[in-house]
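What follows is a single structure, written as structure tokens, with notes after it.
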Amino acid sequence: MSEAPVHQRKVAFIHPDLGIGGAERLVVDAAAGLQNAGYDVTIYTSHCDKSHCFEEVKNGTLKVEVRGDALPTHIFGKFSILCANLRQLYLTWNLISTGKIEEYDVYIVDQLSSCVPLLHLNAPDSKVLFYCHFPDQLLARRDGLLKKLYRIPFDILEQFTMGVADTILVNSNFTKQVFAKTFQSLAVDPKVVYPCVNVEQEEILPLDKDLMKKILKNNEKYYLSINRYERKKNIELAITAFAQSKQRTSHKLFISGGYDLNNSENIDYLKELETLATELKLKHVHLSYPEYSKSPDKCPSSNFADAQILFLTSVSSSLKELLLQSTEMLLYTPSNEHFGIVPLEAMKYGVPVLAVDTGGPLETVVDYNETPSHIDATGWLRPSDADEWSKVLDQSVDIFEKNHSLFEVNGPKRIKYYFSREAMSKNFDNTIDHIIWKSRGTRLWSTLAPGLLMFTVQYATLLITGDASWPYLLLAAISYFVLRSVKATVYWIIVFCYLNYST
């Protein structure tokens, strides 16, 4: 007797804008991991530019459907959070109206939670996971009274809609602590599912190999900092520590990061860092990678011969990988990072990491001095203090000479166990297994909401059309053909019949 076929679970991701940011990388990795584990996966998004997305999306490995891209992302440069929520609600409405809403066993939503109640009400047999990268209300700027007032309803909406999810995931224990302080009225204990890094090595472009030969001579050693050119990244910590270190004469410091010519902070901050380097008597040079890639022959190696600091802007992913592979140490300067993916990208190559002892690095980096016999060490965690950092730079030289293989072994091992795509998808898989059979139970809001909505619509219709009965027949048609709600259809037909035949 043949066995019955096993049901293939269907998972839908709902994400606002499928670009190339950190949140998008997590969604793509989670989707690909679950797909490889046997799930039927679809990503729904309000926007996806196939020329500006990750390879798994570009080459069709993952199924992506766009809904609502025609809706505006802002109104005269303002109201972006309002537009983002409306775009997500439209996307969800489209799933409801087309009947796709009931096709999926699990919905995984991130960044915006406004659609969660609609999923809860219209897909009662599905489960909803919400992945919180960080509370949105803590990321929003509140300059002035009007902006503070404008944010209030969205803060309330975020807390309520997030609490409707069947389970909530966060990207680190640090975010979990912030979540608990921010959403104190939610009796929720989020589960930590760490983001991952791709353990496969990216192909290095010949152009980037040639550039490395130009900027490094005679096997010169260098430290590396990778961050966006933003003041909150505290890149001056790396520069000052390097200036105070004895290694300034034998090493270089490469500052690499995202840089937008249309972003005034990026431009101003780079100038501030260059000024700091000059004040510290460190010779420096700036290389714009986009300009270099257009005319590599116009960039001779003599430009870099005496430079102690090299500021690199907008480098390719290929050059970034090459820089990480060859550096002596990654200097990760931000404080209170929600997670921080760059240390993982360094550790996968066996590169030690020096990071600030707050936020995500506390969970990703194993401090050299905090482990017995330095077992499992992957770097150093220190306060955001240049003196402390310069000491590590000097002390690390002897450590590398005696036992550099320690980091070469420990980094990749830790990545594979905790931060690989397989590890992350396994955590998602276990979470889905846990909630898929869990009874949702009855919630007061979900019981009252449909009735309150029907009453509101009926009251508004009565005010607008008076005793006319035809609007209710129209509402019945909309409920059946658009909303596909049998209960609402029957209700409006009863109202229609009552108005027509009660007199």
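One is the number of the first residue shown, and numbering goes on along the chain from there.
Placed from the backbone N, Cα and C atoms, the Cβ positions cover glycine too.
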Handout entry: Candidate annotated in Swiss-Prot as N-linked glycosylation site, out of ASN173, ASN369
Key = ASN173
Exercise for the section: Do me a favour and check the Cα-Cα span between ASN500 (N-linked glycosylation site) and ASN59 (N-linked glycosylation site); whole Å is fine. Expected result: 58
Practice task
Compile a sequence-ordered list of residues in the same chain as ASN403 (N-linked glycosylation site), six or more apart from it, whose Cβ lies below 8 A from its Cβ; state 'none' when nothing qualifies.
Solution key: HIS374
Practice task
Would you find the one among the glycosylation sites ASN59, ASN173, ASN500 whose Cβ has the most company, meaning other Cβ atoms within 10 Å?
Solution key: ASN173
Problem - Long-range Cβ environment of ASN262 (N-linked glycosylation site), under 8 Å and at least 6 residues apart - result: none
Problem - Cα distance (Å, whole number) from ASN173 (N-linked glycosylation site) to ASN59 (N-linked glycosylation site) - result: 34
